[in-house]
Amino acid sequence: MVCFRLSPVPGSGLVLLCLVLGAVSSYALELNLMNAENATCLYAKWQMNFTIRYETASKNYKTVTISDFVNATYNGSFCGDGQNGPRIEVQFGSGFSWTVNFTKQVSTYSIENISFSYDTRDSTTFPDAKAKGVFPVHESVALKIPLDDIFRCSSILTLEKSDVGQHYWDVHVQAFVQNDTVSTKEFLCDKDKTSTTVVPIVPTTLPSPTTTPTPKEKPEVGSYSVKNGSNTCLLARMGLQLNLTQDKVTSIINIIPNTTNSTGSCHPQTALLRLNSHNIKYLDFVFAVKNENRFYLKEVNVSMYLVNGSVFSFANNNLSYWDAPLGSSYMCNKEQTVSVSEAFQINTFDLWVQPFSVIQGNYSTAQDCSADDDNFLVPIAVGAALAGVLILVLLAYFIGLKRHHTGYEQF
């Protein structure tokens, strides 16, 4: 643990800040806030990260994960006074800020609201962002806690608004510390009352990173759609199986359609299908138009909860799958693999998708993936035929040459 004692903040006394290396996807933050009498008035320790989806100038979408708080500052944090409650303020990265406000009642205190803001003018974090500026996100929480208790939540708490996801876990906070002593009496969040461990994904341990895990049964096929107003603009039917490998451990997850929600959006050049469930924050399929006459799967974004409480997030906007002419659909009944990264792949079964030009909510004529195989067979067949003709020509030449030579000998 590395501790920093910062200079006094007006109205708050001294701030003792400790940064501890935490889960794979984030740093644990620990804040011991002291008043003018050098007594602890607020204590907090927690882990968090943020996922932000933004539009680029080329009308594509990218997702970034913010989880580096090693250089965080706490300017503006204070113990509260007669008019304002305690507040934690954190600044990190290039233009990121995070604030949580507390209020006090007679026998309870509340985590009142949480604010988060990000600056897309940071071209390193948000390359080629279409909209430039500071974007704030405000979330009302209003969680009441007994005044003498410390709030604890080991499970993942998620706040989602617009294109921003906030994830918190291993949270310990007491906003009104009494007599300079942090309470040992815990008030648990609802998720911790039913389960102390988040187990959304059951991994299969492999003997080596190159060993293929035993496949699960074929996933159930689900039907998904996206509407633009009252009209259906995107159709998809498929069975989905996710493969995630981390630290030599592979997890295989079958998407269950009955517990999976679908949303999305449709635009002239791009279309989005977003799936989410209890353990999948989002799974995005982004389609694009190319050459004004074909569509294809261009991008996949994923954010999912892991057994260790961390969040796995990844985005790849340079894919090229499911190619078909505009005005048609794409179909593939055999198993296909969409390789998003070395660590994350998606197996599809009985796939049928149409992200553009949907008429009256029905699929158009499908281009089958077997046509892709036929495209490979055509040059092979042509090459084989040419090789056969060449062999026949050579045979005829040698036979003629032999007969001609034999004629000379008889003469």
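Each Cβ is built from the backbone N, Cα and C atoms, and glycine gets one as well.
Residues or ranges marked as compositional bias 'Low complexity' by TrEMBL: 204-214.
As annotated by TrEMBL, disulfide bond applies to C153-C189 (among others). Sequence-distant contacts of C153 (disulfide bond), defined as residues of its own chain at least six apart whose C-beta falls under 8 angstroms from its C-beta, comprise Y168, W169, D170, V171, L188, C189, K191, D192.
Per TrEMBL, the feature disulfide bond maps to C332-C369 (among others). Taking Cβ-Cβ distances under 8 Å and a sequence gap of 6 or more within the same chain, the neighbours of C332 (disulfide bond) are W322, T348, L351, D368, C369.
The domain 'Lysosome-associated membrane glycoprotein 2-like luminal' annotation in TrEMBL covers 219-358.
Look at TrEMBL and you will find 378-408 tagged as domain 'Lysosome-associated membrane glycoprotein 2-like transmembrane'.
If you look up TrEMBL, you'll see 204-223 marked as region 'Disordered'.
Taken from TrEMBL, the feature signal peptide covers 1-28.
Taken from TrEMBL, the feature transmembrane segment covers 376-399.
For the domain 'Lysosome-associated membrane glycoprotein 2-like luminal' (219-358), the DSSP-based tally of helix, strand and coil residues reads 3 helix, 96 strand, 41 coil. Counting Cβ atoms from all protein chains shown, C189 (disulfide bond) has 17 others lying within 10 Å of its own Cβ.
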